[in-house]
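Annotated features, as they stand in TrEMBL:
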ACT_SITE  B:CYS79  active site, nucleophile
ACT_SITE  B:HIS185  active site
ACT_SITE  B:GLU187  active site
DOMAIN    B:4-191  domain 'Glutamine amidotransferase'
Amino acid sequence: MLTKRIIPCLDVKEGRVVKGTQFLSLKDAGDPLELALFYNEQGADELVFLDISASHEGREIIVDVVKEVAGSLAIPFTVGGGIYSIEDIRRILRAGADKVSMNTAALMRPDFIKESARVFGSQCIVVAIDAKYDPVRNDWRVYTHGGRKETSWSAVDWAREAERLGAGELLVTSMDHDGEKKGFNIPLLKAIDEVISIPVIASGGAGATHHFTEAFNEGKADAALAASIFHYKETSIEEVKYDVKEKGGLVR
Amino acid sequence: MIGIIDYDMGNLYSVSKALERLEIPYFISKNIDELMEADAYILPGVGAFPDAMKTLQETGLQAFLDTKVYQKKPLLGICLGMQLLFESSEEYGQTRGLAYLPGTVERFSGNTLNGDAYKVPHMGWNELVVKKKAPIIQLFTNGHVYFVHSYVVRTDSSVVVAESNYHQAVPAIVQEGMIYGMQFHPEKSGDVGMNLLKQYGQLVKERKV
């Protein structure tokens, strides 16, 4: 049967890996290819590169990073950030990425999901959802522009809509849990799992090995993503997989 | 020399880089005169079945492959490339395939026989279970490979070399004569996948001599 995936995330800015806490205060954490090789060695099942470059030059560099990674190691990876057109997707996929992740562009024009799924197939279209709890409405709202702008969508409704439009996978980030290291947002994951039937990558909040296991066993996630916990070697992918396996999960 | 068939349907870069790392000689082309020079072929593919078949027909690549298959040149289809080797697919309506192998391609139902829902696509690492001996798995002992697909082949057990289990038996490696197919992405499947590609390279090399 299918195994649960552990996915290190590399935030890339102008060709270098950085990591922000709650989308703020960036800190340089290294070279993308070097980190990719390191995680591949450790048993990463997949990688996500999030391009947070602000400049046009930075966007050009990501294509070289993708080529370098695809040319050097044999694991699947997703590239997100700055994907606004069919042409953007084509460039990234042709450079050797397996999937692209879209966020703001999909919310600004939901039909973009449909069009890209038709051209490239649903399997390579990941829709990233940045969700933040709203105590007044008692649900999670979706944010765009790296968490700066609130939209009118609830996370659960948007997840359902993204699937309907042809997304092949969802990357669900809890903005409340991101950087807090208290664990993934299980209620959010469960709420989304109940309405969709495509794979979900849990993101935001990993602080210990057992958090991953919880995301799988309680949050019903298919994969779990983390950055700083791996970058700063607070735990290893091996240790995470050991815990998942111990508690009845399947890993590679 | 392996000819990787470029028909605008997917990720040629990763496949070609994998062959490069394995020092297997290859070239990428969409030109039939150039492809004529190869001793064996890889048909990659990501995307939709009808679009792929349409392109193969319009470019004359289907007729070209028919000849090469008749001449018993090795051919390896990867992912959608494997599905195309079969008789037909129900993706976006019924479409005829290359029909080099017996069987059809259908969508994962998304429901188990007990009525429980499961997720489609089948995405991630799944274990290969060997079903029959074949030279392509000579270097394979055990392990997981990376799948991403929503459609699955239904075929005769005689062509299934290895399968995986995803709420049903999923033909993962198929073979009949010199026709090979891999439903997963060997070029994205770590050492296990690299060994399978290496073995294909070896088969091609031995055949040439």
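Note: Cβ is positioned from N, Cα and C throughout, glycine not excepted.
Keep in mind that this is a model prediction, so the values were computed, not measured.
Rounded to a whole value, the Cα-Cα separation of B:CYS79 (active site, nucleophile) and B:HIS185 (active site) is 6 Å. For the domain 'Glutamine amidotransferase' (B:4-191), the predicted model reports an average pLDDT of 94.
Here B:GLU187 (active site) comes close to B:ASN11, B:SER14, B:VAL15, B:LYS17, B:ALA18, B:ILE78, B:GLY193, B:LEU197: these same-chain residues lie at least six apart in sequence, with C-beta atoms under 8 angstroms from its C-beta.
For B:HIS185 (active site), the Cβ neighbour count at a 10 Å cut-off comes to 26, with all displayed protein chains included.
B:CYS79 (active site, nucleophile) is surrounded by 28 other CB atoms, counting those within 10 A of its CB over all protein chains shown.
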